[in-house]
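TrEMBL lists 2-125 with the feature domain 'Dihydrodipicolinate reductase N-terminal'. Under the heading NAD(+) binding site, TrEMBL lists 8, 9, 10, 11, 12, 13, 34, 98, 99, 100, 122, 123, 124, 125. Among the features that TrEMBL reports, NADP(+) binding site is placed at 35. Annotation comment: TrEMBL describes 128-264 as domain 'Dihydrodipicolinate reductase C-terminal'. What TrEMBL lists as active site, proton donor/acceptor is 155. Taken from TrEMBL, the feature (S)-2,3,4,5-tetrahydrodipicolinate binding site covers 156, 165, 166. Look at TrEMBL and you will find 159 tagged as active site, proton donor.
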Ligand SMILES: NC(=O)C1=CN([C@@H]2O[C@H](COP(=O)(O)OP(=O)(O)OC[C@H]3O[C@@H](n4cnc5c(N)ncnc54)[C@H](OP(=O)(O)O)[C@@H]3O)[C@@H](O)[C@H]2O)C=CC1
Ligand SMILES: O=C(O)C1=N[C@H](C(=O)O)C[C@H](O)C1
């Protein structure tokens, strides 16, 4: 049985993750972590997630419960994720990271830590999105430079980072298939006299509102036709189930940086 710690237990994803761990075969909740000053400290994690009492109290310090879990799952915020990464590295525990919006320095820390302990990092743990990434690579490689590509994403009003981690992964997938470096070709805003579109550019458009769980469309605009490849998430269980699957997969694997495509065997 793999014992899992859920970091960010009181959040939208944290609650879905506790429920997913509880429902998963081969996994059990070992610990639930929130901010040390959170009003949730001491409450029962199962009751918090609406799955009934589990006898796991919410704790404010991952290091203090290192003997109660094998793999941690972190869906919090970048600074908290990096702090939890340092604890997992020091204690030799695996970490599954769902937090998006990491900057380049934070990503470099993640790469460095993964030399010492196993880390799975993905901007989206749903199976559907990871299959969509393969479809995008196929479409981009087939269209080549004959189309203009833009990514449109919509999320709930509480989301704090933009573009979404998923949109960026989609951009990386099409850029990679086309031999482009996303850093060189990404366009994150258009306003005023922009001039005509450059074929090599990959544009990102962001919508925020209501309770939208996650909606991503990649447009391939050609002459006389266009293709849209869209993924719509209608609940958070698909992200949570994927992250728990990744945690079970990670247990016992060698130290390295993995992503959800490794977990699903989608890397060619
Ligand atoms: N990869 C994927 O498949 C997915 C990724 N995400 C990403 O996951 C992250 C969380 O999303 P969501 O659940 O909606 O956000 P929430 O704000 O609902 O949840 C984040 C939780 O983390 C807590 N937290 C913040 N700092 C700490 C800390 N130092 N220690 C412990 N807990 C802490 C927050 O507490 P407080 O409220 O007190 O700040 C909150 O309870 C985002 O980056 C989002 O983009 C979301 C869905 C899917
Ligand atoms: O913040 C969210 O909610 C989500 N974030 C991830 C992202 O940034 O892509 C994944 C999912 O779309 C939900």
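Heads up, the Cβ atoms here are built off N, Cα and C, so glycines get one too.
Proximity to ligand 1 at the level of Cβ atoms, with a cut-off under 6 angstroms, picks out 8, 34, 35 from the recorded positions 8, 34, 35, 155, 156, 166. Per DSSP, the secondary structure of the domain 'Dihydrodipicolinate reductase C-terminal' (128-264) breaks down as 55 helix, 35 strand, 47 coil. What surrounds the (S)-2,3,4,5-tetrahydrodipicolinate site, by Cβ distance within 8 Å of the Cβ centroid and not counting 156, 165, 166, is the set 100, 123, 124, 153, 155, 159, 161, 164, 167, 214, 216 from the same chain. Sorting the recorded positions 12, 35, 155, 156 by the number of other Cβ atoms within 10 Å puts 155 first. Across the domain 'Dihydrodipicolinate reductase N-terminal' (2-125), mean pLDDT in this model comes to 98. Checking the recorded positions 10, 12, 122, 124, 159, 166 against ligand 2, the ones whose Cβ sits under 6 Å from it are 124, 159, 166. Look at the Cβ of each of the binding-site residues 8, 122, 124 and count the other Cβ atoms within 10 Å; the largest number goes with 124. The closest partner of residue 124 (NAD(+) binding site) among the recorded positions, by CA position, is 166; the full candidate set was 35, 155, 156, 159, 166. Its Cβ taken as reference, residue 10 (NAD(+) binding site) is surrounded by 21 other Cβ atoms within 10 Å in the chains shown. Residue 166 ((S)-2,3,4,5-tetrahydrodipicolinate binding site) and residue 99 (NAD(+) binding site) have their C-alpha atoms 11 Å apart, to the nearest angstrom. Comparing Cα positions, residue 12 (NAD(+) binding site) lies closest to 159 out of the recorded positions 35, 159, 165. Cα-Cα distance from residue 122 (NAD(+) binding site) to residue 35 (NADP(+) binding site): 23 Å (rounded to the nearest whole number). When secondary structure is read from DSSP and collapsed to three states, residue 12 (NAD(+) binding site) falls in the helix class. Proximity of residue 159 (active site, proton donor) to non-local residues of its own chain (separation of 6 or more, Cβ distance below 8 Å) is seen for 208, given in sequence order.
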